[in-house]
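*Asks:* The transmembrane segment annotation in TrEMBL covers A:39-63, A:75-104, A:116-136, A:162-184, A:224-243, A:263-283, A:304-325, A:345-362, A:374-395, A:415-441.
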Amino acid sequence: MPNAIKEALDIQPLVTGGKSVRDVTVDILKPVEAFPTSLWWKAFLLALTITVIDLGIIGYLVYEGLYILGINNPVGWGFFIVNFVFWIGIGHAGTLISAVLYLFRQEWRTGINRAAEAMTIFAVLTAASTLIIHIGRPWMGYWLFPYPNERGPLWVNFRSPLIWDTFAVSTYLTISLVFWYIGLIPDIAAVRDRATGKVRKAVYDILSFGWVGSNKAWSHLETVAMILAALSTPLVLSVHTIVSFDFAVSIVPGWHTTIFPPYFVAGAIFSGFAMVVTLMVIAREVFQLKDYITMKHLENMNKVIMVTGLIVGLAYSTEFFMAWYSGNEYEGFTFVNRAFGPYGWAYFIMFSCNVFAPQVFWSKKLRNSIPVMFVVSIIVNIGMWFERFVIVMTLHRDFLPSSWDVYVPTVYDFMMLLGTFGIFFTLFLLFCRLLPVIAIAEVKTVMPHKDGGHH
Amino acid sequence: MYSPKKEQFHTFQETEHGVFGLFDSPAEIINAAQKTKDKGYTNFDCFTPYPVHGLDDAMGLPRSGLPWVTFFMGIFGCVAGFGMQYLTHKYDWPLNISGKSFNAWFAYIPITFEFTVFMAGVSTAVAMFILTKLPKTGRKVLHPDITTDKFALWIPSNSANYSESGVTDFIKGLGSKHVETVK
């Protein structure tokens, strides 16, 4: 688009500060090339400590058995599934930014897609770890996969949502990883070509797969990026749809609803974007990337959070309406119990965090305020964790009053919840230190060039 | 009717002997590639820090044929995914669940879809790695600035009409300030 038209339409540049193409590489690779700051070390050691403690607890859990947790007979899943759905949801924003916005030619995605995709991968890994532990005997985890075995014709039940989950999550992880790494290859090559030390050069040479920037290769690479974006878009919707099927194909009142798939997908985008905002606000501050992750990027993400917050709010209301309108007394009871039963406080937290808090973004001033968006993004994540908690806690009162019980999480439940954050942040901090957090080559394509390179 | 063409699967060729020149902007490299093609040099390549749109046309490269891989492997994944579930549940290990048909195919859709996407995506990526000859470490880097902000035109010695002095003069004539011979 010519610059005159951009000015007339008041389109802000995506890279501010009058940067040249060389500056982009230099600025973005600064944290990779310099010795880490003390702030990074502090954050990393904190996250690593939490992770190590978490691994210890997991070891203890495997040794002792699941009874050390708060799970009981009606509430058989507890925090694990809450954490699983929460982290899978966090992951979705990364794919949305990298795939859906790519297909819609949203050039502002280039500043944030790399970090968001990394977030996706780490979040899905975290989610997968909770899934493996919750089966109780994690060393049997491979039973979830269909494999030729010596026990005669014995296959997994492909009609079970648990197996759908296995396929969905592993496909999602693989495709996201491939998509992310293919984008990284040219940028790692840039790190290699700027490296001075021999070891460093060799390591990044291996990581870059020997990329040299040939246009014959670029032509294929761009095609693959487009194809993966086109495949990821339905994939990301299908993954959370399938996660929601874990609940929706049951006959438990409050779970057996057709609104679950879209409602889960909207919730995933909502929480994922909130997490991207949380991470980006920190990253641009710590790594001095304000010229690349501009207010425009943050404002756009805040708009997405606001819209998906409204969708989630609509879904909550629709659930309530349908519980009454269906005339099903079990369904009706479940929802009254959710709002006013023993876990009414959780419902209240969920509703106020998810529906009311993001509404501050109607104001342009608040949408552009770093402290406000940081606080709101954290509130949204708390709210979304509680959303999954509320859904899982539906089990505590089902059809038979004689089986009613209350789920009280133990200290191990809480430690393992904290532990998931430890794993996630350890991986994320390592990523920030070792790989470029912004897609350098892609940012260069959206910069205002004086000549050539039309898009 | 569209059909896969061989030239759509253009592969990267190792840089061993030849001449390269550096340029400063996308417009210059597009112009240089166009002239090189018109002049009749073959096997030449351009090295750029980011994808330059319009360069494929200038170099005479057809669109990548990778979507064909996606298409056929997607169909394969779909058939294989559905077939795996159908054969195991209908013949190898029939399970009576609530008296439903052994071929309750609605329940096979999620896995069929996931397997389609998995096969299509992963095999397209694998095909890209084969065509671009990745991974291969220790590759010759013509100039370290190529991954930062320089654009290189590379004419290898196996190019048609190649002569070292002729090519050097040709690239200089295109406006390159840095021309180097690789032996």
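A Cβ is built for glycine as well, from the same backbone N, Cα and C atoms used for every other residue.
Nobody curates TrEMBL annotations by hand; they come from automatic prediction.
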*Asks:* Please check if the transmembrane segment (A:304-325) comes into contact with the transmembrane segment (A:224-243), where contact means 3 or more CB pairs closer than 8 Å and the residues in each pair are separated by 6 or more positions.
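*Replies:* As far as Cβ distances go (cut-off 8 Å, pairs 6 or more apart), the transmembrane segment (A:304-325) and the transmembrane segment (A:224-243) do not touch.
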*Asks:* Can the transmembrane segment (A:415-441) be said to touch the transmembrane segment (A:345-362) if we require at least 3 CB pairs below 8 Å and skip pairs under 6 apart in sequence?
*Replies:* no
*Asks:* When you scan the chain for residues with a C-beta under 8 Å from the transmembrane segment (A:75-104), skipping those not six or more beyond its ends, what do you find?
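*Replies:* Contacts with the transmembrane segment (A:75-104): 69, 112-113, 116-121, 123-124, 126-127, 130-131, 133-134, 169, 172, 176, 179-180, 183, 225-226, 228-230, 232-233, 235-236, 239-240, 243, 246, 264-265, 267-269, 271-273, 275-276, 381, 384-385, 388-389, 391-393, 395-396, 405, 407, 409, 413-414, 416-417, 420, 424.
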*Asks:* Going along the chain, which residues at least six beyond the ends of the transmembrane segment (A:263-283) come within the CB cut-off of under 8 Å?
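*Replies:* Same-chain contacts beyond the ends: 85-86, 88-94, 96-97, 112, 115-116, 119-120, 123, 237, 240-241, 243-244, 289, 293, 297-298, 301-302, 304-305, 308-309, 311-312, 315, 319, 354, 358, 370, 373-374, 376-378, 380-381, 384, 387, 428, 432, 437.
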*Asks:* Could you tell me what the rest of the chain brings near the transmembrane segment (A:116-136), counting residues at least six beyond its ends with Cβ under 8 Å?
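*Replies:* Same-chain contacts beyond the ends: 58, 61-62, 65-66, 77, 80-81, 83-88, 90-95, 97-98, 144, 165, 169, 172-173, 176-177, 179-180, 183, 272, 275-276, 279, 416, 420, 423-424, 427-428, 431, 435, 437.
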